[in-house]
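This report concerns only the one structure given below.
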Amino acid sequence: MAENKARLPVWTGHSVEKTLPIRDQKSHKGTYGTGLLIAGSRDMPGAALLSGLGAMRSGIGKLEIGTESEVIPSVVPVLPEATYIRNGLERVADGTLELHRYRAAAIGPGIVPNRIAEHAIEQLIDCDFPVVLDAGALTERPYNERPAPIILTPHPGEFSRITGVSTTDLEKRRGYYVSRFAKELGVTIVLKGHQTVIAFPDGETWVNATGNASLAKGGTGDTLTGMILGMLCCHEDWKHAVLNAVFLHGACADHWAATRSTQTLLAHELTNFLPEVWKKYEPK
Ligand SMILES: NC(=O)C1=CN([C@@H]2O[C@H](COP(=O)(O)OP(=O)(O)OC[C@H]3O[C@@H](n4cnc5c(N)ncnc54)[C@H](OP(=O)(O)O)[C@@H]3O)[C@@H](O)[C@H]2O)[C@@H](O)CC1
Ligand SMILES: Nc1ncnc2c1ncn2[C@@H]1O[C@H](COP(=O)(O)OP(=O)(O)O)[C@@H](O)[C@H]1O
Ligand SMILES: [Mg+2]
């Protein structure tokens, strides 16, 4: 029997209105910090662009993208605002990149899981800023106590990979499994899909109120990872950053679906709508 979702509280538009940050007229880009994004590879260059667009459209101060050299020329024409760390994955893995200056980091979109990636993830987890782990960074590992959150953003296939729970069992009890493993692993888990569930390690769990099947398309999760990174850099409360990123990501898809076929969305179009959609929830 499908789990009764009614037990979980819903993160609504009103929740977002109460928790969105104000962009102080006297602020400067340093106010919102620099985010580090390790994403993209030669066969998956678009993941770096999609997550980069998500981050730069979501309140960040500056974005540095660590990616393979050959990926950079495909990102710059569409996102000239980001700067780059050539072969950033290797630089993080071998400890030659200064990490303390970042406000938050995200790693995984378009990254091939391997030993170097694992070393880079270990280095980031050793830092004291929030780290988002997605896609190629979602492999089974323990997480030690640290001063800032680790945020995993698996779809059901990735969740199954890191927990051993079959997607069939998972889909019957999403709320139960995501809350259980968030507590057991001591991390935040965003279990994506229809009615995304967000579970924090302290047991607090929410269901997202937005989104639709137009998001069932490659690249939309990479986009969300970037949006979470950007919002971590501009929200005081990191939990609100995660919840509001998931909500606004789905709200952009809902804006699309209001007048267009849900068969047709391209992931990069989500961030074209974010300026207008975000505005709707800001204080009038
Ligand atoms: N433009 C780019 O550069 C893009 C780059 N991308 C990069 O591709 C990399 C691989 O990421 P990925 O998600 O595409 O593949 P993977 O991790 O193998 O997981 C899929 C497996 O899980 C299973 N599955 C079960 N339930 C599921 C569900 N509800 N939703 C989804 N899957 C579900 C599913 O089983 P199936 O039902 O297909 O048998 C399948 O076996 C990653 O680095 C990502 O960033 C992409 O973002 C696209 C655009
Ligand atoms: N049927 C659906 N309804 C609502 N949201 C969906 C649906 N299918 C997928 N999504 C959303 O789309 C995104 C897919 O993430 P993911 O599978 O990681 O994409 P990719 O890795 O290809 O970028 C997630 O944010 C998920 O919540
Ligand atoms: Mg994904």
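Sequential numbering from 1, following the chain as shown.
Using N, Cα and C of the backbone, Cβ positions are placed for all residues, glycine too.
Values in this document were obtained by computation on a predicted structure and should not be read as measured data.
Record note: TrEMBL gives LYS192, GLY193, HIS194, GLN195, THR196 as AMP-binding, and the candidate from GLY175, GLY218, GLY219, GLY221 in that site is GLY221. Among the binding-site residues listed here, namely ALA47, GLY110, HIS155, ASP222, HIS155 has its C-alpha nearest to that of GLN195 (AMP binding site). Residues from the binding-site residues list (ALA47, GLY110, GLN195, ASP222) with a C-beta closer than 6 Å to any atom of ligand 2: ASP222. Sorting the binding-site residues GLN195, THR196 by the number of other Cβ atoms within 10 Å puts THR196 first.
Most other Cβ atoms within 10 A: among the binding-site residues HIS155, LYS192, HIS194, that distinction falls to LYS192.
The Cβ centroid of ALA47, GLY110, HIS155, ASP222 marks the (6S)-NADPHX site; residues of that chain outside this set whose Cβ lies within 8 Å of it are ALA39, MET44, LEU50, SER51, GLY108, PRO109, ASP134, ALA135, GLY136, GLY218, GLY219, GLY221, THR225, given in sequence order. Among the binding-site residues listed (HIS194, GLN195, THR196, GLY221), GLY221 have a CB atom closer than 6 Å to some atom of ligand 3, in sequence order.
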